[in-house]
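TrEMBL lists 7-266 with the feature domain 'Myosin motor'. For G100, E101, S102, G103, A104, G105, K106, T107, the entry in TrEMBL reads ATP binding site.
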Amino acid sequence: MHPTSIHGVEDMIRLGDLNEAGILRNLLIRYREKRIYTYTGSILVAINPYQLLPIYTADQIRLYTNKKIGEMPPHIFAIADNCYFNMQRNNRDQCCIISGESGAGKTESTKLILQFLAAISGQHSWIEQQRGAIEGAKIEQYLLEKSRVCRQAHDERNYHIFYCMLKGMTADEKKKLGLSKATDFTYLTIGNCTVCDGRDDMKEYSNIRSAMKVLMFTDKENGEISKLLAAILHMGNLRYEGSSSSSSSSSSSSSLCFRQLPSFTV
């Protein structure tokens, strides 16, 4: 075995055993040391740790700003900074491809890149501290994995927003929508996982509401979104019974909650 395969390397191009086994061993060595990022040249390989690591702070952003790839240990911020630098230098749009299987952490990686870009291009450290106004925005439709709403793999959660909402809402807000705890809803328990280690759902919900405030969502719009999410959860609890008559009835208590939900517009 080559010496580089024993201790691991930050850039796998430097591996003496450059084969599948050598690559997997290198990633395992670094993962055990909580080093989830590894380079392969200018490509960043990320392993989802399924926990929050203290490596995405404002101090980390400053460390990786205006640095060439390789100057600092592998990090998603280094990729974001490289894109930003090339955009400024070449005055051309940049494309960052994020690929991986379901649950690999693609969404989180995207959010971290946006976090870095927002931090280095803004005037303030907090999103509420802004003097400017939104000039415009462009929204593009993209593939939403709708199947995850009603079915998850073992040890996999549904979309985080459902758990955040149930943890972050006040008792009165949940009562109005007929909501309770995550374990009471079929759609949230199929994967046998309602809690994600290292993730604070209550704090995340507060961050979501803060972001929606910055994006100028009205209270009415926030309410409509909450009602829609609640309706999805109640629909998942509906149980249908066969009937010899032309009408059928539901045996689930959620049918009553669903009918009593305040009307909403789409």
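From the backbone N, Cα and C atoms, a Cβ is placed for every residue, glycine too.
Here the features listed in TrEMBL are placed on the structure.
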residue	record	Cβ neighbours (10 Å)
G100	ATP binding site	13
E101	ATP binding site	6
S102	ATP binding site	11
G103	ATP binding site	15
A104	ATP binding site	14
G105	ATP binding site	18
K106	ATP binding site	15
T107	ATP binding site	12
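Listed in sequence order, the residues N48 complete the 8 Å Cβ shell around the ATP site centroid, once G100, E101, S102, G103, A104, G105, K106, T107 themselves are left out.
Under the DSSP three-state reduction, K106 (ATP binding site) is assigned to helix.
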